[in-house]
Amino acid sequence: MVPPNPEPVPCTGTGRDTAAPVPVATLTSQDLAEATEDAAHEEGRSDNVCKRFLRWVLSFAVCIPDFPLMAYWVPGLGMYSEAYFVFAIGNLKPIFKALYPECWVTFQTCSPNLSDSINYSQISGIIAGQLIIGFLADRLGRRAGSILTASIMLLFGILITASSGSNSGNLFIMFTVVQALFGVGLGGEFPVASASANERAEQTKHLQNKRGETVVLVFSMQGWGNLFNTMIILACMAGFGQYAPPYSPYALEVTWRLSYALGLPPLLFIFYYRVFRLRESTVWRQKRESLKLMGRDAQWTPRKTRLLLRHYWHRLVGTSLSWFVWDFAYYGNKLFQSTFIEVIHPGAGLLAVLEWTLLNSGVALVGLYCAAFTIDKTWMGRKRMQAMGFWWMCVLFLACAGAYHKLLEPANLPVFQFLYYFSSFWGQFGPNATTWLLPAETIPTEARSMCHGIAAAVGKVGALLAGVVFSLVDDRSKFWISGVCSAAGVLLTFLLVPNLTGLDLKEGDKRWLAIVDGKADEYTGPAIAAKHLSLLERTVYRHQARYVSPLMEMVQAPGGEKAAGGPPGMA
């Protein structure tokens with residue numbers, strides 16, 4: 001157990017103060033954690049992982065003040081609503097086809113473009129929200145961004161539920177437009193929630209060593225949103241006795257409207273909480289205040305944009321493209337989930353499709369909690385988890401594609417089912433968790449929300465492209481494409497994604513301050529240690545050459561000379 005942080009070593013923005021020897025008493029918990037990493041690794045290996053996982057799950061029932069209610073569940077309600085409404089379309093498609101065949105099957109009142117545009121319009125709105133609100137949250141604050149997203153989602157969530165028209169064509173015109181506007185609020189939730197969760201972990205004592213776990217547990221509410229949406233639709237169908245055709249039009253309409261209506265109470269609570277109870281991020285506020293006290297410009301300028309792109313372009317590209325290939329495979333699967341389930345469960349009715357969808361959601365949720373449990377472990381970390389998840393997805397999707405016709409034989413359908421659902425597990429216990437976490441960790445506080453929004457928007461472009469491509473290819477090709485995207489994710493992760501497990505986010509801010517001051521080469525802190533850099537940063541830019549470890553500092557005499565008796569070559 002690492003003791004609480006003592007007073008940190010004074011820093012001028014260039015890493016550590018090397019004007020005098022650093023006494024042992026002033027080492028931070030970050031330094032101590034690095035020194036004892038191997039011992040902790042061995043200790044973790046000696047304990048039973050299953051027992052520790054069980055204790056971790058049971059800890060959610062322990063009555064710690066404001067935990068986990070205020071740490072994970074309330075901050076994650078926005079992601080719960082995001083998943084609830086986004087994945088509702090995929091869950092409701094079979095119902096829309098049965099209730100409005102003239103719009104979804106025969107296209108008498110709707111053009112095929114209109115029915116297809118429902119998916120695209122929402123994702124387009126999400127992209128706009130990620131870029132716009134992500135930028136505003138860095139300028140106006142996390143609280144203002146959170147209130148803005150909640151307001152948009154509540155207003156247009158009500159209008160989605162109340163969508164109407166003189167015929168089904170007009171109904172879905174309104175439905176499509178409102179979905180796009182609702183998507184703006186959904187998109188803003190991505191950068192705001194991730195940046196806020198990272199900063200909340202930094203400012204909360206009992207969460208400081210659990211930053212990855214905290215952020216992923218906030219994000220795991222997305223899994224609950226998907227699960228509850230499926231459960232509610234399933235319960236409505238069963239409650240109306242809609243087990244098999246012919247289906248009651250009244251029952252189907254009540255089902256889809258009620259499923260959206262039951263997503264509104266969490267939005268109402270989010271709006272109330274953020275307006276009347278939510279406080280500004282301490283990390284964001286202190287950063288702004290410190291810049292003003294030092295006489296620096298707290299506003300974002302074109303010069304800062306150039307510096308950000310010059311020094312962080314590879315991290316932004318790595319996190320963005322990783323998110324792109326993940327969303328291409330993931331949303332392509334979710335948007336066409338009912339099609340996939342019909343392939344591996346031929347002849348399944350509406351209720352059966354929803355039951356198998358519910359199973360898929362449950363498997364995915366387990367994957368998210370496995371990710372939260374292991375992401376801060378030294379033997380796992382962000383980068384290894386993302387690469388591992390992409391790798392298994394690649395193997396499983398390519399196996400489905402390669403043996404597609406063989407797997408469709410009745411005797412082999414259970415194997416097909418296992419491969420498909422197992423891929424969902426590894427998607428969550430991998431890139432779905434890490435792509436949401438990494439963009440907020442790899443960028444300094446001053447641009448954190450904006451860059452997370454950019455990475456998320458690039459990801460949603462992948463989702464948008466998947467909706468187009470998957471509608472043009474056969475079912476087997478969908479598996480081939482998903483496998484290739486997953487393989488690309490493995491390569492991107494190894495080349496461009498750094499592993500920031502155990503790194504204090506304040507070190508990233510110190511490095512950025514040195515860059516802004518024109519002293520990038522003078523920063524020697526842990527943010528440029530080899531273990532926290534990507535392969536590109538280590539081999540091309542060689543930032544680690546400037547890194548001065550705590551041990552090296554301790555043996556340095558005033559003026560940067562070696563202390564008497566110090567090991568040779570340590571200066």
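Using the three backbone atoms N, Cα and C, a Cβ is placed for every residue, glycine included.
Keep in mind it's a predicted model, so treat the numbers as computed, not measured.
As written in TrEMBL, here are the features:
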type	residues	note
DOMAIN	71-501	domain 'Major facilitator superfamily (MFS) profile'
REGION	1-20	region 'Disordered'
TRANSMEM	53-74	transmembrane segment
TRANSMEM	118-137	transmembrane segment
TRANSMEM	144-165	transmembrane segment
TRANSMEM	171-193	transmembrane segment
TRANSMEM	214-240	transmembrane segment
TRANSMEM	260-276	transmembrane segment
TRANSMEM	312-331	transmembrane segment
TRANSMEM	351-375	transmembrane segment
TRANSMEM	387-406	transmembrane segment
TRANSMEM	450-473	transmembrane segment
TRANSMEM	479-501	transmembrane segment
Which residues of the chain, 6 or more past the ends of the transmembrane segment (144-165), have a CB below 8 A from one of its CBs?
78, 81, 85, 129, 133-134, 136-137, 171-175, 178-179, 181-182, 184-186, 188-189, 191-193, 196, 257, 260-261, 263-264, 267-268, 270-271, 274-275, 278, 449
Stretch among 260-276, 312-331, 450-473, 479-501 sharing the most Cβ pairs under 8 Å with the transmembrane segment (118-137):
450-473
Overall pLDDT of the domain 'Major facilitator superfamily (MFS) profile' (71-501), taken as the mean:
90
Is it true that the transmembrane segment (214-240) and the transmembrane segment (450-473) have 3 or more CB pairs under 8 Å, sequence gap of 6 or more?
no
Hey, which of 171-193, 351-375, 479-501 has the most Cβ-Cβ pairs under 8 Å against the transmembrane segment (312-331)?
479-501
Using a Cβ cut-off under 8 Å, which residues of the same chain at least 6 positions beyond either end of the transmembrane segment (171-193) come close to it?
75-76, 78-79, 81-82, 85-86, 89, 100, 103, 110, 114-115, 117-118, 121-134, 137, 142, 145-146, 148-153, 156-157, 159-160, 163-165, 218-219, 436, 440, 448-450, 452-453, 456-457, 460
Cβ-Cβ under 8 Å with the transmembrane segment (450-473): same-chain residues at least 6 beyond its ends:
116, 119-120, 123-124, 126-127, 130-135, 137-138, 187-188, 190-191, 194-195, 300, 308, 312, 316, 319-321, 323-332, 335-336, 435-436, 439-440, 442-443, 481
Who are the long-range neighbours of the transmembrane segment (387-406) in its own chain, taking Cβ under 8 Å and residues 6 or more past its ends?
325-326, 329, 412, 416, 419-420, 422-423, 426-432, 434, 475-477, 479-480, 482-484, 486-487, 489-490, 493-494
